[in-house]
Amino acid sequence: MASKGISILLWVFFVHLAGIYLYTRGFLLTRLSLSDTTTCPDGSCTITPFHKRAVVLVIDALRFDFLSPHPPEPASPYHHNVLVLPQELTATQPTRSLLFEMFSDPPTTTLQRLKGITTGSLPTFIDMGSNFGGSSITEDSFIGQLRLAGKKIAFMGDDTWTTVFPDSFEPNMTSPYDSFNVEDLHTVDEGVIDHLFPLLQDKSAPWDVIIGHFLGVDHVGHRVGPDHSTMKAKLTQMDAVVRRVIDLLDDETLLILMGDHGMDRKGDHGGDGDHETSAALWVYSKGPQLVHPKASIPEFLLTSRLFPGATIKHRHIQQIDLAPTLSLALGLPIPFNNLGTVIPELFWHDKSGKDYSRALTLNAKQVNRYLETYRASPSGGELDNAWGELETVWRTVDFEAHTTDSEAQWLAMTMYTRFALAACRQLWAQFNVSLIVLGLVVLVTSTVAATFIYFRVGALKDEWESWASEVTRSYVSGAAGGALLGFVGYMTVSRYVKGVGLSESLLFGASFVSSLVVIFSALPSFSIPSVRSLTSIPLPLILHAAAFASNSFTVWEDRVVNYLLISSVIPSVLVGFSAPTARLRYRILGFSALFAVCVRLMAVSTVCREEQQPFCHVTFFASSSLPSPPLPVLLLSVPVALALPYTMRRFLRISKSDRGTAALVFPFILPTVLLLGSAFWILEHFDSSEVFGPDWAGTLRLARTWCARLAMASAVFLGYALWYLVPLCLEISSETKAQTNSTAQGRGTREVTVLGFANAYGAPYLVFWCLFLGLLYPATQLSGQAVLSLAAIAVLAHLEVIDTIRDVRGLEAVFASNNPSALLQTENMALRAPSVPLRFAEIAPLAILAVHTFFATGHQAAIPSIQWKTAFVLTPTLTYPLSPLLVILNTFGPTFLIALASPLLALWNVAPLPQPEADVKVRGDAVRASLGIMLYHATLLLSSATCAAWLRRHLMVWKIFAPRFMLAAITMLVVDLAVLFGVAVGVARVSDRVSRLFAAMTSRAK
């Protein structure tokens, strides 16, 4: 019978998935990549090169201030003025050495930045997802132009290059290395060094371009942050490498040293923060001068910027400017899809700038040709809003090209290329409003339908399963009919509505019509609301959902949920003060206080997003620039791992349900799992900090890998196997007592004692829940482990508060009845919690706690908060699919964990008799509790989606509103999966074993 509730939850999951898919298809569009290639056999689309060969060195995550002669103040001794050769040569040879800060378009991940550098094109918001599995670049690129020209390219370093350009490098001069093993700081760099210098030393080596991609700086940033002695050692090594390269360069070779992106204060990247988008570029020519000594370059061509914290401005360019610049500098055509603008200094070889005029003219014509081709493509309508102004500016360029005023010509062409760039940046933030509306309609109708199901299941009580069977048949028929209507609608209106395909039409029809069918099947009876009913309004949910309409509240959501969670205790406290007995008052007030204390302590753990500065201070790590655990957390990690299982067992001891499986899991299995999980991160800290020196790195890596493996294996293969075989936490004993009356003399009465009876459902499910906590623990850093422990205690405290409040309501109901003497009837077992309905206000704190735990475990609605190092918990190298799954577990596991606890609201301290009534009621309440937490997050999803769509022209849409919608969408799916797992596996197994046991005992007693 448990399948009835599962079928309802599966349908809710389906309509959520449909709404999210339709909305994201309209909101997050991908860019049309044109396959055209720039060609000109006569050389009319390029210029004569001043260098025959080039060495391109990429130092991954080389932020501009790492090279800057004027770094932010106060300067860091670890990464400022360490790699000093570029600033030294720029100071002594200003015509041969040029230093720039580059803006790297977000997302600041290596794959996307390599696409930008080589093609000159822009990424879209969702391009970052391909960083773990990038496909080859098919559009025109600098690398492709080299191959078309018959040039030979040597490569060594980050294997992302060989992924996106699989057939472009000379096989005998190619040495790729794994790019995602962030714990390996030296192998890739040493491999690049071993293959780079022999090629430079061999004057007869047949290469035209060498590309070397170093990863050490990036890996140090991810591992220990930029403010660490390891970073200084790595930058010192890079300085020595560059000096040696300069010594080996000949006069005809151009040197380009650059970063693909920057890094934030703690060493991560991926987002659009100032530190992440800032990359360094240094260009050096040992032979011909790059800039004429008497060149007078107009100021309007030389944009500059003040790096955050610095006092002197520096030359600033767009990173995509490298594509046209390097192509023309080596005598190649500009890639067809390029939107960058040539860098003036690299073409100002004479006093008047004739070469620059030629380069800029080719650049402007190439951009114009690209835009006209795009305009003629199927996606060309996207340019409609900007096309008139683009044509106006281009006519100015065409006119000025016939004048002798060079500066006017340069200004017009530069304005055109920069305006085209700005227009296309907006273009690829365009939206398919039709799909957005369809997605919102599905989200609205599904939320209404789930709300009606929630109330209907509660109203039907013991009859809910028969209704569930009927509504299942209804929504299946509705989905089939809706898909048919969607097909008819597509065939009818597809020619008039752009951007809605057949699959979207079928999905919308199926989900929308099935939602309508459920709404009419579960339509509740409406009545005029009373003053008392106003107290059931979910005020925390309303405030939480409304917060997404403000960018400030969205940015500070981690503080908002803390306030909402503490405020949710107030109704319980008010009930506690009016409870009829002292014991009930003390329990409600005491456990409410414990819940509030745990929530407040969780809020101490913070990571800061860029928009929160300077009013936020990082406490999850040792500092904002040192991603290691704070010392107090390090010292408390082992005591916490031991104290948590003990505390949980103390909670179970209240109902004497610490028997059976609980007697094995809490004293033995769970402490072992948690200790091994803590040991992994303690050893990781010792390893990354080199506490025992570098010689111990291999030993520590092996030891911590096996700690994590043993922890997760114990949770799954020992804990869950034991739970599935013997889930109950009961101790059953019996004895035969002799009869004292004369009629029954010689016969005995058998008396059965069941310890744990009062919590027969809740205790086994708690064991099931704790085992997932054990699985999550090793994938969570030490500060996060402390937060998870506090969250677990908060969940138990909330359960005890709710259980006691139900006792109070049960007593009040009996006192208000016509038979208050029923309290004295000890056999009246239906008086306990099953007779008191589950309320949404009891579910909301768990839903908010899930969001609070997400933030407190070191996450934010921002890409840089992803804790990439968790990918290497079980393996020392990147392993598919294990590594991505571990990152997902670390990021969304806390949300999954708290959502998985929602059925406990229906199971906790519920007596298992009478059967089967108690079992039917428990399963119905478990479905309602699951629906309740799904409803809370569905409302957040609907609010964030609506606000993101309404504010899609807001300046901060891609920085704040779109990421928060993506988080809400993923969180919704995580919550759905959690409750499905909990009801389908946890509740179903516990319900089956409890009902069988007590049904058999009841039948024997009869």
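Note that Cβ sites are derived from N, Cα and C of the backbone, with glycine treated the same way.
Packing against the transmembrane segment (6-24) from elsewhere in the chain are residues 435-436, 438-440, 442-443, 445-446, 449-450, 453, 468, 471-472, 475, 504, 507-508, 510-511, 514-515, 518, 927, 930-931, 934, 938, 941, 945, 949, 966, 969, 972-973, 976-977, 979-980, 983-984, 988: each is 6 or more residues past its ends and has a CB under 8 Å from a CB in it. Feature annotation from TrEMBL assigns transmembrane segment to 6-24 (among others).
What TrEMBL lists as transmembrane segment is 435-455 (among others).
Tertiary proximity for the transmembrane segment (475-493) is limited to same-chain residues at least six positions away from its ends with a CB under 8 Å from its CB atoms, namely 11, 500-502, 505-514, 516-518, 521. Positions annotated as transmembrane segment by TrEMBL: 475-493 (among others).
Taken from TrEMBL, the feature transmembrane segment applies to 505-526 (among others). For the transmembrane segment (505-526), the list of distant contacts is 11, 14-15, 18-19, 21-22, 438, 441-442, 445-446, 448-449, 452-453, 455-456, 459, 470-471, 474-487, 489-490, 494: same-chain residues at least six beyond its ends, Cβ to Cβ under 8 Å.
Sequence-remote contacts of a segment are chain residues at least 6 beyond its ends whose Cβ falls under 8 Å from one of its Cβ atoms, and for the transmembrane segment (560-579) they are 535, 540, 543-544, 547, 553, 585, 588-589, 592, 595-596, 599-600, 602-603, 801, 804-805, 808, 841, 844-845, 848-849, 851-852, 855. Positions annotated as transmembrane segment by TrEMBL: 560-579 (among others).
Positions annotated as transmembrane segment by TrEMBL: 586-603 (among others).
The transmembrane segment feature in TrEMBL is assigned to 631-648 (among others).
Annotated transmembrane segment per TrEMBL: 660-683 (among others), in sequence order.
Residues of the same chain lying 6 or more positions beyond the ends of the transmembrane segment (703-726) and with a Cβ under 8 Å from any Cβ of it are 660-661, 664-665, 669-670, 672-674, 676-677, 679-681, 683-684, 687, 764, 767-768, 771-772, 774-775, 777-779, 873-876, 989. According to TrEMBL, the transmembrane segment annotation covers 703-726 (among others).
According to TrEMBL, the transmembrane segment annotation covers 752-776 (among others).
Taken from TrEMBL, the feature domain 'GPI ethanolamine phosphate transferase 2 C-terminal' applies to 838-988.
Under the heading transmembrane segment, TrEMBL lists 885-911 (among others).
What TrEMBL lists as transmembrane segment is 963-988 (among others). Long-range Cβ contacts of the transmembrane segment (963-988) within its own chain (Cβ-Cβ under 8 Å, at least 6 residues beyond either end) map to 2, 5-6, 9-10, 12-13, 16-17, 20, 23-24, 27-28, 548, 554, 557, 765, 768-769, 850-851, 854, 861-863, 892, 895-897, 899-903, 907, 922-923, 926-927, 930, 933-934, 937-938, 940-941, 944-945, 947-948.
Most Cβ pairs under 8 Å with the transmembrane segment (752-776) belong to 885-911, among the candidate stretches 435-455, 586-603, 660-683, 885-911. Within its own chain, the transmembrane segment (435-455) has Cβ neighbours under 8 Å at 8, 12, 15-16, 18-27, 471, 499-500, 504, 508, 511-512, 515-516, 518-519, 522-524, 840, 928, 931-932, 934-935, 938-939, 941-942, 945-946, 949, counting only residues six or more beyond its boundaries.
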